[in-house]
Each structure stands twice: as structure tokens, then as C-alpha cells.
Amino acid sequence: MPTLLAIQASPRHEYSTSRKLSAVFVEKWLAAHPGGKVIERDLMKTNLPFVDLPWIGGAFTPPEQHSPESAAAIKISNDLVAELQAADRIIIGTPMYNFTIPAALKAYIDHIVRVGVTVVDNVGQLTGKKTTIILASGGDFRPGSPFEVYNQASGYLRQVLGFIGLTDLDILLADRARAGDAGETAVEQFGEAVSLAAAA
Ligand SMILES: Cc1cc2nc3c(=O)[nH]c(=O)nc-3n(C[C@H](O)[C@H](O)[C@H](O)COP(=O)(O)O)c2cc1C
């Protein structure tokens, strides 16, 4: 049975555009893959520590040399990597914060980019896993928009996730979410694109 890993980064829970659209994605994916398994990785409930000295010791030395602190620090990273390895399909729902990604998602990325594990000799190891990102933003960053170049999130995510092998990657811009919050536009306007991505 295929496994979908659903990663969420918005703290706005029921108000969140990226979460609402991710829920549509998961529903459509399950409909297209009856019996499929969904692993939820909610970064607002995960409380990830930032990379620190014990983590670096754990990441760059063999397990038999790990101090108890390093072993504990790297276990979280190992668990997150194992989740990714077990997934056939990945969805990431995230807000844009200050033209890039929220700190919680950056902390997650710092845990999963592991030299010798997810990247070996500069070759990404997590290949063959189609990935969809739903990027919610208040502004309009569509191609041709005057603010397109302000979007530092899409290029960064494409680059860093590609580095670990997630090269089959689509980014859906759920832009102008502010208008959605004000009731001027509906989240549903993005629903069709999300449904198509989930079925692919
Ligand atoms: C701290 C913070 C920073 C934000 N920075 C940006 C930004 O740089 N560009 C933008 O278009 N919207 C920005 N927004 C608006 C959010 O991207 C927008 O509300 C989006 O819908 C959040 O995603 P969510 O609905 O899934 O929580 C920011 C919101 C917050 C709270």
C-alpha cells in the first residue's frame, strides 16, 4: 500500500490556507489510493530543537562514538529521515513568512538533510518520491507579478529538497490568502489544482 507523508508548518490550524488545501489533497489522494497510509507530521506539534553541538556530533561521527547527548539529538533526525524513506508521496503545506519559509520548516529541513544518509557524495538519496508543496502567502507571487522575485521560498525549497533527491517537485502557490481571510476570495479557488496534484 502506498504511503503519503503529510507535513504541515502553519500555526494557524483551522484558519490556515495551507492546511485546508493540504486536507483537500490528502482526501483526494486517499480516494485515488484506497487503503493508502497517511503519516501526519505536524511541525507545530513536533517541537523540533535547532541543530546544536550534540546534533552535529551525532551527524558527523559513527554511532559507536556518540555521547548520550549526541545519540538523543540525532535520534530525532533519524526518525524524521525514516519517515521520509517510508513515504512514496509527500505533501508539504506551509505559509510564506518574510518571503521565505517559517522557522519550524527550516528546522525540519536541517534535520533531514544528512550527509552520508539523505545525501551521499552529493547525490540525493530520496529519489522516486513525488512531492507537492502548497505555499500560502498573503501577496501575489505568480509568474509575471511585480513581486515574483520576492518569493525566496519556492527556489529555496526546490533547491534544498532536490539536493536530497526530491527532484520530482511541484509548488502550488496559494497566493493572495489575505483576500481569502477577508472573505474576498475563497480557498476553494485553488481546490482544482490541488485535486489534480493529488491524483497525479
Ligand atoms: C510572521 C508572518 C510573516 C508573513 N510574511 C509574509 C510574506 O513575506 N509574504 C506574504 O505574501 N505573506 C506573508 N504573510 C502572510 C501569510 O503568508 C499568509 O497569511 C498565509 O495565508 C499563511 O499561511 P496559512 O494560512 O497556511 O497559515 C506572513 C504572515 C505572518 C504571520
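Note: Cβ is positioned from N, Cα and C throughout, glycine not excepted.
When SER10, SER77 are compared with the FMN site residues SER16, THR17, SER18, MET96, TYR97, ASN98, PHE99 in TrEMBL, the one appearing in that site is SER10. When the record's FMN-binding residues SER10, SER16, THR17, SER18, MET96, TYR97, ASN98, PHE99 are compared pairwise by CA position, the greatest distance found is 17 Å. Its Cβ taken as reference, SER18 (FMN binding site) is surrounded by 26 other Cβ atoms within 10 Å in the chains shown.
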